[in-house]
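Listed in TrEMBL for this protein:
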type	residues	note
DOMAIN	15-188	domain 'DUF4131'
DOMAIN	227-510	domain 'ComEC/Rec2-related protein'
TRANSMEM	12-32	transmembrane segment
TRANSMEM	38-55	transmembrane segment
TRANSMEM	62-82	transmembrane segment
TRANSMEM	257-282	transmembrane segment
TRANSMEM	289-307	transmembrane segment
TRANSMEM	336-353	transmembrane segment
TRANSMEM	359-379	transmembrane segment
TRANSMEM	391-414	transmembrane segment
TRANSMEM	420-439	transmembrane segment
TRANSMEM	446-466	transmembrane segment
TRANSMEM	486-506	transmembrane segment
TRANSMEM	513-531	transmembrane segment
Amino acid sequence: MQRLQGLLEGEWSRLPLWLPVALGAGIIAYFAQRQEPGALWGMVSVPLLLGSLGLRGRPLPAWLLALAGMGFLGFGVAGWQASRMPAPLDLPRRAVVLEGRVEAVDTLPKGLRVTLGEVRLGPGEPPLARRIRIRLRPNDPLHPAPGESLRMRALVREPSAPPAPGGWDFQRDAFFSGLGGSGFALGPSERLGEAARPPVFAAARAWLQRRVLAALPGGPGAVAAALLTGGQSAIPAPDIQAMRDSGLAHLLSVSGLHIAIVMGLGFGILRFGVALVPALALRWDSKRIAAPGALLLGGAYMLLTGAQVPMQRSFAMAALVTFGILIGRRALSLRALALAAAAVMLAQPAALLGPSFQMSFAAVLVLIAGAEATGPLLARWRQGTEWWRRPALVLLGMVLTSLLAGLATLPYGLHHFGRLQLYGLAANMVAVPLTSMLVMPAGMLAVALMPFGLEAWPLTVMGWGVEGVLRVAHTVASWPGAALTAMPIPAWGLLLTSFGLLWLCLWQARWRLLGLPLAAAGVFSALTVTPPDILVSADARLIALRTPQGVVLQRASGASNFLRDNWLRGWGEEEADLLPASGEHEEAGLDCPGLDCRFQPRPDGPAAMLMRTPKPRRGEKAAPVQAARACGQAAVLVSAEPVRGRCPGTAVVDRFSVWRNGPHAVWLGHDGVRVVSDRDWRGARPWVPPPPRPAWEKDQ
């Protein structure tokens, strides 16, 4: 203990920065459980935190208790939030006539999508506790607005299971966002009665989006609307893909850059206005007048664009900066970031698991720490009198900002998206200044003039800037190797990288450099992971085999393209071959002499048998799949149809398996067969639906 206390000499002021880290560790521990923990775990934080306050004379034990207390607090807050959420919906698997009140309207490349609250699945039915998102027909003549009540015939379903065991949990995301399901309309929608008064910002968002898209059609208009309202649904797929591949996707997600531009413009205009009034300028500090006004403007912009996690972080830090200006202190620091992180995690614990939170806070963490480290050097540089120093400093700042932010977010992009953008620095060097100096100022002016109908010319200027950004995105995305597909970093590797970054940025002593090898080890952790050899989707319409020569797919009608792309990214592949429905097929590790295919990816490893049925003639039933025909030939039987019978010692993954337990992953390793289902991976949590029951059981 004494040795540890000696190492911390000179670092006591940095220990508070680790309290949000402990809070986040507790949240992660809650979500890592396979069973729902008891509600009393969070109460353990109370004596620990109180005990830390009582040990003021012994700083090290006090801080250790405080860190432990924050960990239990995070665990308890996450569990408390989960207990407050309504249960997932059990939606009918058929067409229904539903009624609901419009809460939000999203413009799509083709048609509209509405989010409905107070949904009823029939006359006299009670309202559902969760919202439903419905895609309207492209030719629907109705253009709904927030607050209106609609009736339509639609096909609805619950949120999808993860694409594979360990994949992104869409059901957990929907559970904490209040979404109960989604679907699409089967006919035109009908407006019911008079519209209720809609939420102010939802109505303003829909009105603003309509005006922008009317003035700027096509991709530039959709991007402009996204920057001003936060909705990306109208952006054409090629433009979104180009922005992603060029490393410019962060410009589409309203975040710290955008709120900084908005508040900076507001701050400058207000301060200039104060300077024009001598009576105010001589008596008051213009910064202390302009800062609260800019904060109000930033808050309105945050609410207008949907208050996403990066915006919440940015606004929280902006509030601290404003407070610092009012009391005459510098507030843009790691402590401000720590307070902002703690506030977001306490308000939305589940946000910690998403890419928005992780990439936003990682980028700002590295930028602030980098500014602290390079501050003395840059201060000495500014002391020179040569004319070229200032422009060189601006250029250096742009390069360092793009480089540090890109390096900080790289592991999170690899984990969540499996993509590596090689030319992001070059694209950002052009697109970010264009956005800051032309696109956003013109957009803010357009919003200010829109109530007077004078938004046409500033929107035209904004459109020129957006076209420039899109041109940069498409140009960079077309370069060879612009976006490489890479094996995603596993969750434990991302934790290791995150801890390494925190260790590097939060400490000041030289031992902080130990964070570099930790972060690097996490980035390259994908090399230590053995991906599954077989994946089976939750509806068994898609089965993928990873052979030594690439991925081979058995694909039925209606199989999901999203699943296919997700699986390929998880394997670090870009293309896949289709397995013929019947006939001979042979390649390394895969032998299909007839109907069935024997899959043995390793010569000395176990084999799997992909069992298929011949396509029946019209009006005939498909022949059943009998396990007996493959007994003794493979260690696991895989089929898109139910397999009748069993072979001793042979695992089976069939239509019933995925119906009960979700998508399956199969490893055919030297140590035997390992079969993992989605239910095995996630366990019994509030957002995981219980195993389905056959219809005959429901009727009892």
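Each Cβ is built from the backbone N, Cα and C atoms, and glycine gets one as well.
The stretch from 336-353, 391-414, 446-466, 513-531 with the most CB pairs below 8 A to the transmembrane segment (420-439) is 391-414. At the 8 Å Cβ threshold, with sequence separation of at least 6, the transmembrane segment (486-506) comes into contact with the transmembrane segment (359-379) through 3 or more pairs. Ranking 257-282, 336-353, 446-466, 513-531 by CB pairs under 8 A with the transmembrane segment (289-307) puts 257-282 at the top. Long-range contacts of the transmembrane segment (513-531) within the same chain: residues 410-411, 414, 486-490, 492-505, 507, 546, 570-571, 667, 669, each at least 6 residues beyond the stretch ends and with a Cβ under 8 Å from a Cβ of the stretch. Here the transmembrane segment (391-414) has Cβ contacts under 8 Å with residues 247, 250, 355, 358-359, 362-363, 365-367, 370, 374, 378, 381-382, 420-421, 424-425, 428-429, 432-433, 486, 488-489, 493-494, 497-498, 501, 519, 522-523, 526 of the same chain, all six or more residues outside its ends.
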